[in-house]
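Taking it in order: structure first as structure tokens, then the write-up.
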There are 4 protein chains.
Amino acid sequence: MEMLGPRVWSSVRQGLNRGLSRNVGGWASGEGRKVDIAGIYPAVTTPFTATAEVDYGKLEENLHKLGNIPFRGFLVQGSNGEFPFLASNERLEVVSCARQAMPKDKLLLAGSGCESTQATVEMTVSMAQVGADAALVVTPSYYRGRMSSAALIHHYTKVADHSPIPVVLYSVPANTGLDLPVDAVVTLSQHPNIVGIKDSGGDVTRIGLMVHKTRRQDFQVLAGSAGFLLASYAVGAVGGVCALANVLGAQVCQLERLCLTGQWEDAQKLQLRLIEPNTAVTRRFGIPGLKKTMEWFGYYGGPCRAPLQELSPAEEEALRLAFTNNGWL
Amino acid sequence: MEMLGPRVWSSVRQGLNRGLSRNVGGWASGEGRKVDIAGIYPAVTTPFTATAEVDYGKLEENLHKLGNIPFRGFLVQGSNGEFPFLASNERLEVVSCARQAMPKDKLLLAGSGCESTQATVEMTVSMAQVGADAALVVTPSYYRGRMSSAALIHHYTKVADHSPIPVVLYSVPANTGLDLPVDAVVTLSQHPNIVGIKDSGGDVTRIGLMVHKTRRQDFQVLAGSAGFLLASYAVGAVGGVCALANVLGAQVCQLERLCLTGQWEDAQKLQLRLIEPNTAVTRRFGIPGLKKTMEWFGYYGGPCRAPLQELSPAEEEALRLAFTNNGWL
Amino acid sequence: MEMLGPRVWSSVRQGLNRGLSRNVGGWASGEGRKVDIAGIYPAVTTPFTATAEVDYGKLEENLHKLGNIPFRGFLVQGSNGEFPFLASNERLEVVSCARQAMPKDKLLLAGSGCESTQATVEMTVSMAQVGADAALVVTPSYYRGRMSSAALIHHYTKVADHSPIPVVLYSVPANTGLDLPVDAVVTLSQHPNIVGIKDSGGDVTRIGLMVHKTRRQDFQVLAGSAGFLLASYAVGAVGGVCALANVLGAQVCQLERLCLTGQWEDAQKLQLRLIEPNTAVTRRFGIPGLKKTMEWFGYYGGPCRAPLQELSPAEEEALRLAFTNNGWL
Amino acid sequence: MEMLGPRVWSSVRQGLNRGLSRNVGGWASGEGRKVDIAGIYPAVTTPFTATAEVDYGKLEENLHKLGNIPFRGFLVQGSNGEFPFLASNERLEVVSCARQAMPKDKLLLAGSGCESTQATVEMTVSMAQVGADAALVVTPSYYRGRMSSAALIHHYTKVADHSPIPVVLYSVPANTGLDLPVDAVVTLSQHPNIVGIKDSGGDVTRIGLMVHKTRRQDFQVLAGSAGFLLASYAVGAVGGVCALANVLGAQVCQLERLCLTGQWEDAQKLQLRLIEPNTAVTRRFGIPGLKKTMEWFGYYGGPCRAPLQELSPAEEEALRLAFTNNGWL
């Protein structure tokens, strides 16, 4: 088992301990330990009815089905959750609904990011009150030209200072046009209420660098997509938050298991078969592609809110090919 | 006067008619004429108190001072209005306050864009109810990878269909990472309730192309910044919505006048002196730079909402130089 | 005539003086005046035979036909001259051939840029020896990550120090991925052997800023494309080097004349009809599009060197539409 | 040993066979097997004298020192070899010199890319004649707007058809602004004389996808930088061509060995210590940084050709920190 470093070991141990009682805000207790977020999370979609209302019943159904897969927890209102399209009350109701529908022993990450610091603080506090275990906070980005490291450090520090639950940083340049700078990540990793980062940029050199430069902190790095999950584990990441886990959740968890137990040959084989499907439900066809695929795999997909459009027939066929060509359909 | 084309003429005539009664929704009346939006508009900032509350009193004061300048109207909640940091009720209150504070004969453009189509429709309707004359609708951008021409056409068509006031398209790639494609602009120009575009990208070839391809429509192009205002007039734009007009409003209006009356030599001299100050209060130092400059020119600037940060002393000095070097301070 | 500024006037005067004797290196003479490069230049293509040899006979034929148009001169081996595909001896032979074929009173600009400073110096000297009147020097770009202002200033200073002919800076970010920074342009404008810049980026704010900040130098700005020629004149540029002038040369010169004589209304009409054709033979379909179009207009186009490929039939049709839709075919 | 896949095994076997006789063009023999390029290669710099002449003596010295490290071979005239600054005769002389100076059993990869297809063919043939074992061919990029998959497939096919030695594709977007599209790579992998790709972009998802989609071809993927070497091995790459191997060559080869023998824990530790030094001698400080570092490690660095500039003292200090902070100096 010599291929497992300290971080990896700790998450294997964690794996044996999936029944841990949720210890919300435990980081602040006397023991001085942050919550361990290692593991796999699907980036849950928000189901809508034909008239574009949030369909909480379908959300419950999806979560029940996903509940049988050995995830560490669930992320609601990541980029795949269409959070920019939800009103504040809907954002809280989705968190509340997820908390009720999902197994008690799993972590509920909730995307609480807004453009202003104050709104993000308020949303984070409210999401904690309705059951979120940790808050995933996307970089504000509309004024990206002024989002220096100093501005972002200030933003995240304020949010973490006021949040009753641990904060996970979230860098997703495809949506925000902004990478959270590594130097800012390193500074923020020292905050007692910031426990990690979801990095969706896919630059594994950067992921390795963040692991390396935060190695003396209680700080964990999660891959933001299944396309580079194996590579991220190889450089010290401890899990992933993945759109693909909505449809191939068992396989993503199997990939985690192969990495954690050092079965790199099989891990590589599996990883390679997941790249095309992953790209198809993320960068290439986005949430409409993901929701369409969910229907093929027995989940409720349904429409997106406008302005997101349905796939064209040609796009749908290309989407399907990405799965059939790799033996998943 | 041979240098004035039909579009330019119409706006000179318009200039003689600054007292026109606001004819909200007039486009839908039997006459089939859209509102004329030609002219200069400051992109008004939103004043905040030291505790980051909207300071409506200071907004009124600023508007009163700006009211003496021969603007066509005012834009509230453009990018310089920090609209992504305002709650829904604040957004409406700012419109309402501006409506009360500004001269009756000026147009009130209100930025009503949200990420979802439905929210944008609702915000647009509400802003009309509290006094906006036209709605400026920014491109949704968080899912820019899926914001095809088709998706954007669908979005703007829905908004314009439901809006009781005319809609102005708004393309601002520095903030959104997205250019509203020219083919989408051309299609949308045919909608009876879409009257123009504010283009802040600064690509004058694109501005000329939009003018050219919409020449048979009742559709007007406004420059989104004072840095390329003269060039935009030269290719057929009919006005501008400018951050710089908050501080050098009379000068921006003078530039308009020089362009409309064919005094191109003086126009060029003036334009060249405005480029550096304009860049300083937009791309280079953003809203913090604009608000700081407002204080130098007798307006209320005040703080921005976080995560926007104050300028450093070095930045403030560079900002001042951009004005002093060009004879404005 | 009040719309003409000092720069514009000087070029109108220049226009009356098209018969000026070429005064190679005259900048270094006692009079202390740099050569005046104001005017329009086609960015001449390099004709190839079916077997991809340089076809000097066709080059002569093209230049003879172009010689009847009131250009200020010709540019060979700009980006449209496929210079990166030419061997050193071919580069010199093309200059020599052009010098013989073109009218004696026109300026021959020759693109002499190479990646290394030393090679650029040598090519510039050699091109001067075979008849170039001025050297157009593109920014080196392969190591763009290290091409700071300091590095570029050093490069151009060395070239200008050693060149027996005046040097024109050349910024073309679509090909180089690099904008020559304005601060570097301003510094370089003070060099006695640097007379101007061809800017192909199309950012008219930047063009205006360069005009403004070099206003106390003998330094001239040329638009690098016909798409923003009018706008460039409006902010103080004094000419253009244009791919489109290979096929609509008379029209581009007519646009110059309209700008110089203050007929801005007609200038605008003409400019707007040139944008789509210009984009088609530059950014959209590149040199293969330009060469195909040349055949429609009675010039020799011929093949490009590989790896540039011929247009597909669909591309060719779209290319043609860009001309027919604007009344040019 | 279950973590080794077929590709990895083959390269371990290859490792036992480092003494293989060079079989130039062996791919064309009856056996139908392409050359195996698995392993580590330093991207050798080109030494210059104080007067910017190629210093062949120093090149030999550097290669002799590097010859003791268990590299698979050497790359001359990759991006770190300043090939765009070398004349044709220098390019060949550098290859010839390297062939003489390096051990006979190592592979000599030579960068033979030029902008035109014909020049690339000629350079490739000439380099083969003076001793190159394989040609590394960078994507042409000046006309990147027209470098479609079809154009690039045509280019590489022509080169490979005419080359007497195997061809390795080379994608380096930081220098070229262009990614060789995956679909083009897949098509080209079927050519009998194209044996692999050096990918310097650092997108491990893309690297995995290329491995996966060429898995039925005799085609190998090499990481183009040491920053993502472990991650590349993890998804099926078989080696790397690395600037960093000029200074930490033994360590890069140790990382290879750890990956090939499944010691992933130690591999991770080593990889993480190499990221900062690697970034410092590549993206951050470029060749001037690499050559400066070579001097610290007992090699000849020397100056770069202009326009590349020496590091400033502040840059040099930051460069040194990247090595001292990770225990390498």
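Every residue, even glycine, has its Cβ placed from backbone N, Cα and C.
The active site, proton donor/acceptor annotation in TrEMBL covers B:Tyr170. The active site, schiff-base intermediate with substrate annotation in TrEMBL covers B:Lys198. Positions annotated as pyruvate binding site by TrEMBL: B:Val241.
When the alpha carbons of B:Val241 (pyruvate binding site) and the residue listed as 'active site, schiff-base intermediate with substrate' are compared, the span between them is 7 angstrom. For the pair the residue listed as 'active site, proton donor/acceptor' and B:Lys198 (active site, schiff-base intermediate with substrate), the C-alpha distance works out to 5 angstrom. Shown in sequence order, B:Leu75, B:Gly78, B:Leu136, B:Val168, B:Leu169, B:Tyr170, B:Ser171, B:Val172, B:Leu222, B:Ala223, B:Gly224, B:Val241 are the residues of the chain, 6+ apart in sequence, with a C-beta less than 8 angstroms from the C-beta of B:Lys198 (active site, schiff-base intermediate with substrate). Chain A lies within reach of none of the recorded positions B:Tyr170, B:Lys198, B:Val241 when a CB-CB distance under 8 A is required.
The most densely surrounded of the recorded positions B:Tyr170, B:Val241 is B:Val241 (count of other Cβ atoms within 10 A of its Cβ).
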